Amino acid sequence: MDDRLLLIAIGALVGVCSGLAAVALNTGLHFMAGALSGLRAHWWLFVLPGIGAMLSSLFLEKAIREGAGHGVPEVVYSVSRHGGLMRLRSAFSRLISSCLTIGSGGSAGPEAPVVMSGASIGSNVAQFFSLNERQRIALVGCGSAGALAAIFNAPIAGLVFTIEIIVGEWSARNIVPIAVASVAGAQVSRLLQGNQIAFTHLRFEVGITATLAAIGLAVVTALVSIALTRALRGSHHVSGKLPLPFWVRAFLGGCVVGAIGLVLPEVLGEGYHSIRQMVEGSFAPGLGLVFLLVAAKIAATSFTLGWGGSGGIFAPCLVIGSFSGLMYHRFLEMLWPGLSLVNEGCFALLGMAGLVSGILQAPLTGIFLIVEITGGYETILPLILVSALSTTICHAWEPASFYFRDLVEKGQYLRPRTDAKVLADLSIAELVETDCKTVPRSMRLGEFIRVIQQSHRNYFPVVDPETGQFEGMIHLDDIRPYLFDPLLYETVFLEQIMETDVETVDIHDELSVVLARMDAKGLFSMPVVSADRFIGMISKATLLDKYRNELMVQTLH
Amino acid sequence: MEMQMLHIFRNTPLGREMLLQSAYFCKQLEILPLIYIPDYVKFLMYFENDVVQVDLDASYLKAPDSAKAHASEIIQGMGLPQPRFFTPKHFTASTLPDLPVDFDFMCCPRSISDLSSKIGLGYIGPRVRRIVKSARFPVLIPSAVYKPWTSIAVLFGGSSNAVKALRLGIRLSRRCGLPLDVFSHPENRSQKDYENIIQEAGLKDDFDNYVRTWRISESRPFQENLYEIPHDALLVLGAYGHGLIKELLFGSTMEIVQTVTPNSMLIVGPNYRAVI
């Protein structure tokens, strides 16, 4: 079978499995919501989100032994650095842990966990069939797209999110299987849960005034996105400094969320009920309370995810975005009571798109997600405007999106065909030149000149012949002053003229770091030294050759 | 380039015993030990087509202050230079470091993923099995107590992995100058079949030059034949020669051999690429 057809067929299978994972999580969340709904009336049950978050963290750390994280950055890391290799346990671990966190009232979403689950399914199917790295990455994308398409019943959003966030490469080779997987995932969801859109489709008549007003909303959603990003990071930072076991931190964070929920129950769980009310225009609380809800939801999400709960940022973004849109609309109406704006439900939608685009810095995902989950194209013009502007403003303040910031800081955000990716795929061991002639420090200059005559290199490493220890380097320039004085040939020893303060490279160093050091010091080659032993030389010329080869490999396949 | 052996060090009496074995292995083969002192109880190894999570028990985190000094002392006491300590640079999650897999050898205790009480009870941890299966390097599974080996023994059953093991055994013998013995237990093959396999693998000349004795015992059960292997030999064998069903029913050769023999074992997996 043709490779592409095979990949499409396996992609469809992965899409179905990811869709089933998404349906399983949805069913679990509905079950939890039903089981716990009767208990919400008791004030002392503010500890419920705490218990959920604690169980979730214990499950991840002790039962599954999986390092906890938001999920999506781990998938991106795996694609960037390890060709999409993921552990099998990730296929189900986040489903269970996020079900515990969200079902008990934690402020988080099920989308990142299903994306991780789907990606892991794709990766493990690829491992089972022993597919190559590029095919494996495509299947990771298939899993992610199928899962997201199923959880939102939004196949285009699944495809676009995967290409924008997970794979990072718009190529037909990736898009086709991912699109098929996205369809398969959405179809599974429709078969098992019905063809429902998440939020009621309403016809909004969007005029020029509303479109212009959307510019202001973009600024508001961008600012809220930045506030949410920083609150999440700050919360994670603060909780990490507390001298408490991880499960106690998760419990405390959950309890804070529960306490906020006693006053403002809208912040609990994924919060889709509130969004439905806002889109339909039946959300009663006034401007002040909506403003408070934005702040409370940001706090609740930060305490849930930053303190050890499990879940994604997508659903909180939708909720906070719709609150922001509503708040902005009501603020405008308060300022200009006669202003003829579209229904506030439309601004709730625009706010969702603005926040998703701002946090993820992925405008297309924001646009298509909102179009699909509301089932209408009427708002497309202000949607594009809000998404594009919100992304741009956020990018100016926060150069990397919420998902990528940690990866960028660690130099792990590597996209196909970029300089960083090509360099990361090469290792020092591949580039090291071992045909160097080493010399001892006790060698006389005359003897050394005979060595030079037999070599085509300009650099000569000085190595202890007994221990193999690297001691320094001699460059041809170093001996130039002595070359034309034969009297010195028998009186000058290499130890007198060698350079001992030499910049060296370790065999396990990152190539990008080595290249930066070469550039900073104006060097064209450096000795590679491991455990004090000289291994060989690494030069910019060889690096360029290998770089071009690697770039061709990445471009052709 | 200098070859390197990865050793995950545990600063306990048993852990130091294991390091002693690695140090001896490195000394015999003139390779450099690379020691990883874990800061976390788990780590990941990304192979070509598999990712293996190794879950260590808490004893690996014991006495971190003296771990480096103890490890250095053991390595240098064996006459080797100051060891190199490995520090992970990449993390899949904040408490989940990634270990590179481009080493030439790796030392795994009998069980790397389960309780230390299981060590020495003839149980090879599932993670070690996956490492062996995926790695390009051979895995050293040391005996329970330090014992210098004075010869090399290869278990040769004719499978492709056994051929790899034989090739490695010959190379080890050439490198460290120790005699090489080959042990075969024919199941459905004659000696002539084995000779053909060796011939086809291009090992005929090396086999004739380096192999001291070749013992083929077919009259006794496999386990009993293992007693013929010298107790002070480094045992080299291929893994995954059996089918899955057979392995599930009767256990793997690797585990049978480990249960019966007291030797340190060097296991060659299906993805092994010769480096020596």
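Every residue, even glycine, has its Cβ placed from backbone N, Cα and C.
As recorded in TrEMBL, the features of this protein are as follows:
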DOMAIN    A:432-490  domain 'CBS'
DOMAIN    A:498-555  domain 'CBS'
TRANSMEM  A:41-60  transmembrane segment
TRANSMEM  A:137-163  transmembrane segment
TRANSMEM  A:175-192  transmembrane segment
TRANSMEM  A:204-226  transmembrane segment
TRANSMEM  A:246-265  transmembrane segment
TRANSMEM  A:286-307  transmembrane segment
TRANSMEM  A:313-329  transmembrane segment
TRANSMEM  A:341-360  transmembrane segment
**Report entry** Tally of residues which DSSP labels helix, strand or coil - the domain 'CBS' (A:432-490)
**Finding:** 20 helix, 15 strand, 24 coil
Report summary line: DSSP tally for the domain 'CBS' (A:498-555), helix/strand/coil in that order, comes to 27 helix, 15 strand, 16 coil
Requested in this report: Could you tell me what the rest of the chain brings near the transmembrane segment (A:41-60), counting residues at least six beyond its ends with Cβ under 8 Å?
Outcome: 66, 68, 93-94, 96-98, 100-106, 246-255, 257-259, 261-262, 268, 304, 307-310
**Report entry** Intrachain neighbours beyond the transmembrane segment (A:313-329), with Cβ under 8 angstroms and 6 or more residues off its ends
**Finding:** 70, 107-112, 216-217, 220-221, 224-225, 228, 232, 266, 270-272, 274-275, 278-279, 283, 287, 290-291, 293-294, 297-298, 300-301, 305, 341, 344, 347-356, 359-360, 402
Report summary line: In the domain 'CBS' (A:498-555), averaged pLDDT is 85
